Amino acid sequence: MEQLLQQLNKSQGEAVQFIDGPSLVIAGAGSGKTRVLTYKIAYLLKQDLPAQHILALTFTNKAAREMRSRVSELVGENIARRLWMGTFHSVFSRILRTEAERIGFTSNFTIFDSADSRNLIKTIIKELQLDDKVYKPARIQSMISNAKNALVSPTAYAQSKEMLEYDMKAKVPQVKDIYKIYCNRLHAANTMDFDDLLYYTNRLFRDHPDVLAGYQNRFQYILVDEYQDTNFAQYLVVKQLADIHHRVCVVGDDAQSIYSFRGANIDNILNFKSNYPEARIFKLEQNYRSTQNIVNAANSLIKQNKGQIQKNVFSENAVGEKIEVASAFSDFEEGVIVANKIQDLRRSEDASYSDFVILYRTNAQSRVFEESLRKKNIPYRIYGGLSFYQRKEIKDVIAYFRMVVNPKDEEAFKRIINYPTRGIGATTVGKVTDTAQLHNISLWEVINDPLKYNLNVNAGTAKKLKDFHLLIDSFAQELPVATAYEIATKIVKESGIAREAYQDQTPEGMSRQENLQELLGGIHEFCESRIEEGESRVGLIDFLSEVSLLSDQDTDKEEEKEKVTMMTIHASKGLEFKNVFIVGLEEDLFPSSMAKSEPRGLEEERRLFYVAITRAENFCMLTYAKSRFRNGQTNSCHPSRFLRDIDKEYLKANTGVIEGGQGGEYSQYSQGGFWDTVRRNREEREELKETVRKETSIFEKPEFPQETAFPSRTNFVNVKNAQPKNPVNNNIGDIQVGATIKHERFGIGKIVSLDGDAASRKATVEFENAGTKQLLLKFARFEIIG
DNA sequence: AATCCACTTGTTTTT
DNA sequence: CAAGTGGATT
């Protein structure tokens with residue numbers, strides 16, 4: 001233990017060793033916050049507090065994983081494994097699954113992602129016949145989310161004068177109704193959205209003191225990472241759990257609070273002392289990450305904000321270089337400047353590509369840098385954007401999983417009822433929904449016995465619905481016995497997803513197959529590793545409950561080394577890089593035009609900039625463009641006010657970034673060459689996709705599941721089309737103007753003209769009985785008869 | 001029912 | 001520019 005403590009500085013050591021009451025650790029950027037948390041856990045364990053009595057909460061799975069592995073290094077894997085460590089959402093969902101019955105759910109509840117939530121809200125808005133131009137789904141969603149995070153129930157909402165007045169002023173008086181229906185629907189479907197995980201944990205503890213007492217007893221010591229980002233719901237759960245013993249340690253930095261748009265309340269950290277008057281406060285002020293110059297620059301910036309906890313972050317590292325500021329004529333040139341600088345630094349410093357990061361305010365900004373880096377053959381990876389689990393094909397499969405685990409899941413139902421297409425269209429789904437509402441039952445119950453509820457569909461459709469029910473049911477039968485991998489494979493094969501993917505030989509289709517393959521591989525891996533940890537059978541529910549809470553941050557792969565990283569500043573929190581480029585420092589972009597209206601928004605933007613700068617170890621460069629292509633047009637822009645917030649002495653204006661460069665020379669890029677580049681790069685990207693292929697794939701196995709779930713005519717046609725080397729029309733090449741053809745549906749016709757290139761040749765055909773039609777030869781089904 | 005096309009619309013950040 | 005929508009076409 002002595003040895004352990006020697007690796008800490010004075011304040012770190014004090015913070016670690018204080019375990020008899022509440023403590024707040026104010027951890028400046030780069031001051032060893034994770035170190036304190038992990039050593040503190042090790043210290044608690046050494047004081048004979050059993051691991052299963054320690055709860056550590058983080059915001060990201062990544063942070064939790066990293067903490068666990070670092071604790072493992074100190075105390076061994078066997079002990080670390082027993083810790084209650086995870087994100088708020090994952091720990092709470094685990095609790096809620098065990099206690100589900102107490103709050104009127106069952107333990108197999110499924111989790112809505114934000115797209116599901118928005119869809120449901122959209123549906124409700126339609127059902128209430130409200131104008132979605134006024135009741136914008138995204139906006140309503142965030143209003144509801146805020147209410148939940150503040151623990152305002154639908155009933156309380158409808159009774160709150162304040163809320164109602166606000167909504168009245170905002171011309172959306174019916175939000176209270178939407179909110180109520182939304183909650184009911186989620187509940188009826190045995191589903192929870194992200195906010196519910198926090199909300200219902202609170203309800204559980206509030207309404208069931210015996211349950212609360214159990215967890216208070218279990219969690220003898222509670223640690224919270226990134227405390228400045230907690231919202232009211234999170235704050236209150238922690239408070240309730242620690243209510244008896246007060247043994248809670250929260251770590252955070254008010255200067256890095258950047259999630260208020262998600263309900264994070266900076267007051268939680270500012271008021272910690274008044275909540276726990278006996279609390280000790282520790283300040284970690286020595287920054288081990290960055291050069292003095294970077295720390296000083298960041299300090300001078302954040303000084304412009306009011307109302308923060310007094311602290312004096314300092315560095316004893318080298319003074320370091322000044323922060324470079326570069327201006328570009330266009331966003332395109334900005335990309336070139338950054339790419340060149342990366343190349344230069346890599347040579348002069350012998351740096352690895354992975355030592356570089358490009359940070360931007362909005363995801364849309366990544367495009368230009370992708371192009372400029374690719375042009376120089378600099379490998380890169382983009383963090384964020386569409387995560388693996390948000391791809392359509394993956395979400396579709398996951399929807400099957402959800403439906404199998406929890407057949408009441410309404411959004412999952414709507415997603416897959418006609419995927420792969422089985423002749424159940426919007427009209428039918430509409431009828432099913434109406435019937436379900438009428439009888440106050442789930443969609444699932446309706447399709448179990450369509451006729452029983454007088455569903456107004458013909459016998460064929462009724463059968464299709466029933467068949468779908470049987471299909472899902474057949475998977476569900478396996479649930480208690482099969483592993484996640486077994487059942488997932490079965491689903492992919494027998495649902496027709498595999499068949500459909502196999503049919504599609506386009507590059508996009510191939511990449512979809514690959515993703516599906518990867519998903520199955522991932523599930524396999526998941527099962528294996530859980531087995532290794534000593535679990536007996538890893539079922540689909542286990543996989544699903546984990547995967548629903550993964551975000552794109554969590555899907556990073558090992559092979560991504562040796563690449564320049566690009567991400568939003570938000571995503572960069574907690575990370576560090578030798579060389580940091582912060583780009584797009586322009587008014588209305590950073591600070592965002594949205595945030596400028598209120599001073600608090602502006603301060604948060606400034607904290608965001610603070611976070612960005614403090615990611616840098618050695619070198620930091622700030623860039624802005626004088627014109628930028630946004631929303632389909634080029635706008636001129638002004639340098640960000642934040643550039644003036646930093647003391648001049650830490651900055652170095654940079655004009656000749658590129659070898660021999662004098663600004664104007666590069667304007668050529670921003671004009672003529674631009675569109676060319678865009679087009680060229682797009683073509684390259686297509687080619688790239690085409691070369692991607694997998695050798696082993698379930699999609700290439702010759703034997704396909706014979707037992708087709710839906711032996712309908714459509715299926716037959718599909719199977720015919722599935723012959724990959726047998727195009728619909730096998731004599732495109734021979735066709736000429738004047739030829740007579742016989743089309744499957746339009747009958748006999750004569751080709752009057754041909755145009756377009758080989759890949760997408762279009763024929764104008766005059767049919768005898770069907771008029772003149774344009775046919776894409778690639779797709780049209782006909783034969784040449786003369 | 002599904003696909004295609006012409007049109008509008010809009011953009012912050014995400015556990 | 002892009003994604004999403006509504007209408008027309010098959």
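Residue numbering: from 1, along the chain as shown.
In case you wondered, yes, glycine gets a Cβ from its N, Cα and C as well.
Taken from TrEMBL as is:
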BINDING   A:A27, A:G28, A:A29, A:G30, A:S31, A:G32, A:K33, A:T34  ATP binding site
DOMAIN    A:6-291  domain 'UvrD-like helicase ATP-binding'
DOMAIN    A:292-574  domain 'UvrD-like helicase C-terminal'
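Overlay of TrEMBL annotations on the structure.
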residue	record	Cβ neighbours (10 Å)
A:A27	ATP binding site	30
A:G28	ATP binding site	25
A:A29	ATP binding site	26
A:G30	ATP binding site	23
A:S31	ATP binding site	25
A:G32	ATP binding site	22
A:K33	ATP binding site	23
A:T34	ATP binding site	16
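Listed in chain order, the residues near the ATP site other than A:A27, A:G28, A:A29, A:G30, A:S31, A:G32, A:K33, A:T34 are A:D253, A:L284, A:N287, A:Y288, A:R289, each with its Cβ within 8 Å of the site Cβ centroid.
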